[in-house]
Amino acid sequence: MKDVLERFLGYIKVDTQSSEESDTVPTTKTQLEFAKKLGEELKAIGLKDVSVDESGYVMATLESNIDKKVPAIGFIAHMDTSPDLSGTNINPRIVEKYDGQDIVLNKEKNIVLKINEFPEILEYKGQDIVVTDGNTLLGADDKAGIAEIITAMEYLINHPEIKHGTIKVGFTPDEEVGKGADHFDVKKFGADLAYTLDGGGIGELECETFNAAKAKVIIEGRNVHPGSAKNKMTNAVLVANKFINMLPENEVPERTEGYEGFFHLLSVKSEVETAELNYIIRDFDRKKFEERKEQIKEVGKKINEEYNKEIVCVKVEDQYYNMKEKIDEVKYVVDIAYDAMKAIDIEPILVPIRGGTDGSRLSFMGLPTPNLFAGGHNFHGRFEFVPVLSMEKAAELVVKIAELYANR
């Protein structure tokens, strides 16, 4: 029987970055290849009804070993890693019995995980921690979640004395580019409720996400020879700068926390003739979320009025909504996860997700899906790390949740 660390280290060797630019499903071929490998592993450990569809969704069933009817529960994680940093040739290192000091990730490039910048790592002093070599992300988001779920399923299969109802397992592609639930067949999955294992540090239990939208701003300039440009040229670069500065300077990710929302400028492509700005818009409060969408549109209108012509076009598209609306209708799914953590000596930390998970969309598709910790920190970057004990406890948590549902 493989342990969770062995599985995790094997999974991160496979580059499964998703792509913002691709229109294929999944967005990268490597995700589909990884999905097939996971399907084979699920069959090998004894799960039933294993399927891998053409879109890369993996589903499987652990059959109930009790007579009474209890809700079928699902455990879900995503296979892709973020396109924000390379996931190719990940070279992890295990820092044994972490001593509480800065960790040199890459001596040659002077890349150091510093405790004054990432003080949360001190919570894991004395534990074994998996880190990167400074060149790539680690992939704990969310291959730690996959490793934890499969390890828990194998444990339940090997320990039939632990009673449980029907358990559904699901692995999704393209979560990191906001498409993880696009082709998820809730009816086929067959769960009454589910949990994603896509959270951060040990103890995190999340039933609130942002309301989310994206905005594309297209600016049409007019290029004229600079020597004769007076009253003729419209420099789209400068108009883009004006647009950026008309949004609140403090309502950005780097200056907000907790329940505060923001506008996040993802990218700028600009030259005199044309410019494109790509934003994401986030807020927990639905009313404030709607106001933010109107606010960014209003900036475009004001600039058009100033130039007395339509040079700015703002297109806003909703991405997902705060799953709290749906989770509150079946609050017991959170209560059971809370009790399960307490039962295995984990202090639950109820926090809002300053982001989204597949569960955000799935909850609005009829599958209430709060989020559990997967154990990692500093996702999407070279300073990502995951304590081994956190992964082990996450796998234990999955087992305990299944057990508590059987005893309801």
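Positions of Cβ are set from backbone N, Cα and C atoms, glycine also.
Taken straight from Swiss-Prot:
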ACT_SITE  ASP80  active site
ACT_SITE  GLU175  active site, proton acceptor
BINDING   HIS78, ASP141, ASP198  Zn(2+) 1 binding site
BINDING   ASP141, GLU176, HIS380  Zn(2+) 2 binding site
In the chain carrying GLU176 (Zn(2+) 2 binding site), residues 6 or more apart in sequence that have Cβ under 8 angstroms from it: GLN17, SER18, HIS78, ASP80, THR81, SER82, PRO83, ASP141
Length of the line joining the Cα atoms of ASP198 (Zn(2+) 1 binding site) and the residue listed as 'active site, proton acceptor', in Å: 10
C-beta crowding around ASP141 (Zn(2+) 1 binding site), within 10 angstroms: 26
Chain-internal residues near HIS380 (Zn(2+) 2 binding site), provided their CB is under 8 angstroms and they sit 6+ positions away: SER82, ASP84, LEU85, LEU137, ASP141
DSSP-derived structure type at ASP198 (Zn(2+) 1 binding site), helix or strand or else coil: strand
Remaining residues near the recorded Zn(2+) 2 site, that is with C-beta within 8 Å of the centroid of the site residues ASP141, GLU176, HIS380: THR81, SER82, ASP84, LEU137, ASP142, PHE379
Where HIS380 (Zn(2+) 2 binding site) sits in the secondary structure, as DSSP reduces it to three classes: coil
